Amino acid sequence: MSRSMALSQLLPDVALPHDVQVSGLVMDSRTVAPGDAFVAIAGFGAHGLGFVEQARANGATAVLFEPPAPDGLPVPVDAIAVPGLRARLGVMADQFHGRPSHAMRMVGVTGTNGKTSTVQLLAQALTLLGTPTGTLGTLGVGLYGAAVSTGFTTPLVLPTHALLAQLRDEGAQAVAMEVSSHALDQGRVDAVHFDVAVFTNLTRDHLDYHGEMAQYGAAKAKLFTRPGLKAAVVNLDDGFGRTLFASRDPVLRAIGVSSRAHADASVSAQALQLDHNGINFALNIQGEVHPVHSPLLGRFNVDNLLAVAGALWALDIAPAQIATVLGQLQPIHGRMNRLGGAHGAPLVVVDYAHTPDALEQALSSLRSHAQDRLICVFGCGGERDTGKRPQMAAIAELNADVAIVTDDNPRGEDGDAIVADILRGFARPDAAIVQRDRAAAIHQAIAMASASDIVLIAGKGHEPYQEVAGVRHAFDDAIVAAQALLPRTVLGVRP
């Protein structure tokens, strides 16, 4: 839906040299369309004022910037100085797009692991319950099942509001949204109204950005102090979650969830059983108990299901309906996806686990389902937190019977150096198999597996590429695994 608004409506307290109608607010000069206002602020490597000429060429009708301008960058005579512009962008975008987050029931999900699964499972559940639901996160934006990639877990503040408006205009009545620590720290969700905030867990990740776990946790906690928030769903099996729960605003409806019988939990899983068919447990919501039989794999998916249950309860869905819909939820692409497992082929699981905690959870969960060996294919991303590399090696060595180290988006970093960092975490490095070619590593793992083994391919999940030296090459773990499984499935024997 096309929009237009007078600049004076967006900046009523700013003296404008002349008023103009603007049809959009854009920070990227490359995506400016005729009629847009170009917002020139400091980026990570450059200032927007250096790209005014390109924005003008693309049809920008106004240029806004935050003073003072950097030394050496000319300021166009008709550019409009807006003090505190960066901090105002959320409110401006919210107003321009007609306050989209207020028109839908908004659930924000934050945490190190489980954001994507929780968002997708929640959107799936609400859709099954008859509420058209949009998603915004790692897997893209769109109504459930029709998401288109954005390239961000949480986009920048201007596109975030534009995408929420898009979801509203497409008919979404609710939105499940991933809210990363970067987004909270950088103001990407400024002026987004959330009804429910969900916390999954806090483990090591993004310390290349936050520096310390305390700062990382503080960024996550910002989601739970937002004005207008009605309910908080918090994992009480997580240490930081318990701290967050204890320090909550007393006027906030707080829903603690636990699969480990925490006393303060109002939503819990009891009598938990995992088998080759999935997960079985009794869902207890404030004393009302209903059975759940889920086809999902992995102990950590119990936590994801409980987070979904807590969010649904916060949205006033009845416990019996919640239990029924939890049993209907299907796996999310790239999250504990199953391949093989029949006709003589091993069970192969593709998962996004790319942090020490996520890898440990994936392996320990699959151990509960395994009849024989557990084979793990994993790597570590280049130009990211190097401290987690030896940690992931130690976890793979402890929890898997066979560990195969391979490439996982080396980016601009030397792949051999990444592998060397990983190998330092093995007590017996000679026992690890190194095969940097990821496709070859997947084929090797499946070739060595018996029908009673499980192969975990960890790290990339839904990603359709392998990034090497700044170039994203088409690559999909699930497709490669399916190709490797084909001879086993057809012949019923090890190739």
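The backbone N, Cα and C atoms fix where each Cβ goes, glycine too.
Summarising the annotation, Swiss-Prot assigns ATP binding site to G111, T112, N113, G114, K115, T116, S117 and lists sequence analysis as the type of evidence. Following the DSSP three-state reduction, the secondary structure of T112 (ATP binding site) is coil.
Mapped onto three states, the DSSP output places D408 (meso-2,6-diaminopimelate binding site) in coil. Take the CB of D408 (meso-2,6-diaminopimelate binding site) and look out to 10 A: across all protein chains shown you find 25 other CB atoms. The feature meso-2,6-diaminopimelate binding site is assigned by Swiss-Prot to R384, D408, N409, P410, R411, G459, E463.
What Swiss-Prot records for K220 is N6-carboxylysine, and it gives sequence analysis as the kind of evidence. Reduced to three states, the DSSP call for K220 (N6-carboxylysine) is helix.
Marked as motif 'Meso-diaminopimelate recognition motif' by Swiss-Prot: 408-411.
Comparing G459 (meso-2,6-diaminopimelate binding site) with N113 (ATP binding site), their Cα atoms are 12 Å apart once rounded. Excluding R384, D408, N409, P410, R411, G459, E463, which define the meso-2,6-diaminopimelate site, the same chain contributes H354, G379, C380, G381, G382, D407, K460, Q466, E467 within 8 Å (Cβ to the Cβ centroid), listed in sequence order. The two recorded residues K115 (ATP binding site) and K220 (N6-carboxylysine) have their Cα atoms spaced 12 Å from each other. Using Cα positions, the member of the recorded positions K220, R384, R411 nearest to G114 (ATP binding site) is identified as K220. The distance from the Cα of P410 (meso-2,6-diaminopimelate binding site) to the Cα of T116 (ATP binding site) comes to 23 Å. Same-chain residues that are not part of G111, T112, N113, G114, K115, T116, S117 yet have a Cβ within 8 Å of the Cβ center of the ATP site turn out to be V109, T118, T200, N201, N304, A358. Here the CA atom of T112 (ATP binding site) lies 15 Å from the CA atom of R384 (meso-2,6-diaminopimelate binding site).
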